[in-house]
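Peer 1: Residues annotated as compositional bias 'Basic and acidic residues' in TrEMBL: 1-18. Positions annotated as compositional bias 'Low complexity' by TrEMBL: 20-33, 750-775. Per TrEMBL, NAD(+) binding site is recorded for ASP74, GLY75, GLU76, PHE77, ASP78, SER123, LEU124, GLU153, ARG176, GLU216, LYS332, LYS356. The active site, N6-AMP-lysine intermediate annotation in TrEMBL covers LYS155. TrEMBL lists 639-708 with the feature domain 'BRCT'.
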Amino acid sequence: MTSDDHSSPDPAADRGDDLATTPGAPAADAPDGVRAQGLEDVPADARDRHRALAEEVRAHQFRYYVLDAPTISDGEFDALLRELQSLEDAHPGLATPDSPTQQVGGTFSTEFTAVDHLERMLSLDNAFDEDGLRAWFERVGKEVGDAARFLCELKVDGLAINLLYERGRLVRALTRGDGRTGEDVTLNLRTLRDVPEVLAGTDEWPVPELVEVRGEVYFAVEDFLELNAKLVEAGLPPFANPRNTAAGSLRQKDPKVTASRRLRMVCHGIGKRAGFELERQSDAYAALRAWGLPTSEHTAVVATFDEVWARVAHWGEHRHDAAHEIDGLVVKVDEVPLQRRLGSTSRAPRWAIAFKYPPEEATTTLLDIGVQVGRTGRVTPFAIMEPVKVAGSTVARATLHNASEVKRKGVLIGDRIVIRKAGDVIPEVLGPVVDVRPADAREFVMPASCPECGHALRPMKEGDVDIRCPNAEGCPAQLRERLAYLASRSALDIEVLGYEGAAALASSEVYGNEADLFDLTAEDLLRVDLFRNQDGALVTNGAKLLENLEAAKSQPLWRVLVALSIRHVGPTAARALAVEFGGVQAILDAEEADLAAAGGVGPTIAVAVREWARTPWRQEVVRRWAAAGVRMVDERDTTIPRNLEGLSIVVTGTLADFSRDEAKDSILVRGGKAVGSVSKKTAFVVVGDNPGGKADKAAQLKVPVLDEAGFRVLLERGPEAAAAVAVVGAPEEVAPVEGAPVEGVPVKGAEVAARSGEGTGESASTTEGTAGESAPTDGSAGGESAPTGGSVVQGEGSATE
């Protein structure tokens, strides 16, 4: 439901007329072949549904645009609007001028002065899949031929703003409102550091006599998280999302509050203007930059649908790599004369469209709150919800982390709640929609005893927010979760032992704990129903399990360490311990200070290792595994130089001659750190085929980048030799200007040497996030979480993204 604003060069829009002016007249964009239809021709049930839908949409628009307090997600709003549009497509007589489909969605608040825009701010039509975007592309081609080129830009999830500059000075700032009239927020807008009071100018783009500048005010994700952290520290509830927070922050009665919020603005188009003309939409970006206004670097002009779709796909995968939240990609015909030919409807230009990514937030009903016991005993509450589609999948459960988090978020059983799911991340409850809270909503009470074994729950130490079941040896849930985890790809990679098999084995009489694992025989498995067929013989997976267990005995030491389920010891920390100490017994016998001193370990992990090693039944696991032939020692190759000592190195993408584990091991055995995220402390980023956002981040931070051949140079000859073949530069995907260089320049050895000293501060407890091993929480991947614009440069209306 983000506000989209784009100009319309359509003559009717220039006059300020609506395209459809007579009730019951056909919509301007009625499909070909559909005869004119009056309201009397529309079935009564369709009229009733349309009336109810229109009222519901208007109510949600008011809550969103005026109150900054929506009660449904953007995706749910889009679905309502699509249903309304479908009704009007089937019955054109319903598309009256006052229908929400024929109007720009916002309105203005009475708390601020209402002021008319000099040029209307229109909305955008949306596409939600490849077919919808292709249909728009083909319609444009049918009207203007192959001459069109297309400007692609990110759709910033923010609040649409219209700035008015006269003789180079900022005189007014308005919200979009209903497209014709907005709210005067000039005093608050002046507190944004991004927005100049006086425009600059160049010979090519001198300061104009008059210009309306269109853009979005937004919260950078980093600033939003910092603001929420301060609120929580002060005992106040956090904000739900950056977009609504930005809108509310800009519309404060006290500009000092706005000034404290670190709002930013990105400009993407031009409305009313005097003293200059533009031939292309992309010229607007050049002019805005020349005047000193903030613009996006992530734009490109392309010619074909395949190129457009490639950018849609790229940013769909990397949407979280942007500094701000985005909810789509805007595509515009670049040539202004072609925009004029295409025109607009009463609410949106025909020459632009917004491709909307699947919503990552949704609202649903919290039916109950359950608890799950994880492999290290952590007891985690999780939301049981009415199933809802979010981020492309249907979810019915979401994590709530711990009892303190449930209280902090203020959710009650029975509430309507907002959930968020980004990519493969486990869905998370953001908070309740308090305005529609039912009278019978009730508080969640954390159980006092383990739901699986009955032991009293308690925090591990004073001040812990997590509570745990202390019965690590005998709790059925912990046995089951640990067995499933040690069989996972992150640990021993026992292919045929999935969660169902782990649950069946862990609950059987032949399995007491991990000590029994490598002593299992075919006779033992025949006593487990899952591994025995109707004839009483061992099933195929039973025989394969025995083969997998035999193969697992030869796994490298770091995998064995992960399989032992020592708190906080995931793949990165396990590799560091294996390289430093060489064997399980040496690790368990080491002093806490020696463990903490190992690169990539630190004090938190050292304490966890020592606590684990002092437990007799865990010592028995190690003894029995060693007796069964499990590899408990790594023979270190002393001929390999430790030439990467202290360097933090990221590997991203697929390498031809190295698996991901082999690449990491090659770094660790040379004294380096194989880290998972790119920062200014990173010495090198190794890029293979199909790299993710880490390659873009390296370019932004000017971190040296190596291809696979350069990686070999780094391993064999060290960082100075690698520096000579490393490059620093902007990747093609984010090149802002046609013809801008994409290749970088060689990095000097001194720069890399300087980075080597910066890398020493990274530790496993801060780089294991994807494996769920951050020191404070145990992490989800270890089974510890809930189950699972543009604007026209011509004409009377312009549009926001």
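Count begins at 1; order follows the chain as displayed.
For all residues, glycine too, the Cβ spot is worked out from N, Cα and C.
Note that the structure is a prediction, hence the values are computed from the model and not measured.
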Peer 1: Compute the C-alpha separation of ASP78 (NAD(+) binding site) from LYS155 (active site, N6-AMP-lysine intermediate), stating it in Å without decimals.
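Peer 2: So the alpha carbons of ASP78 (NAD(+) binding site) and LYS155 (active site, N6-AMP-lysine intermediate) sit roughly 15 Å from each other.
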Peer 1: At the Cα level, what's the spacing in Å between LYS332 (NAD(+) binding site) and LYS155 (active site, N6-AMP-lysine intermediate), rounded?
Peer 2: 12
Peer 1: Could you measure between LEU124 (NAD(+) binding site) and LYS155 (active site, N6-AMP-lysine intermediate) for me? Cα positions, answer in whole angstrom.
Peer 2: 11
Peer 1: In this structure, which of the binding-site residues GLU76, ASP78 has the fewest other Cβ atoms within 10 Å of its Cβ?
Peer 2: ASP78
Peer 1: Summarise the model's confidence over the domain 'BRCT' (639-708) as a mean pLDDT value.
Peer 2: 86
Peer 1: Report, in whole Å, the straight Cα-to-Cα distance of GLU76 (NAD(+) binding site) from the residue listed as 'active site, N6-AMP-lysine intermediate'.
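Peer 2: Cα-Cα distance, the residue listed as 'active site, N6-AMP-lysine intermediate' to GLU76 (NAD(+) binding site): 18 Å.
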Peer 1: State the three-class DSSP label for GLU76 (NAD(+) binding site), counting H, G and I as helix, E and B as strand, and everything else as coil.
Peer 2: helix
Peer 1: CB neighbours of ARG176 (NAD(+) binding site) within 10 A?
Peer 2: 30
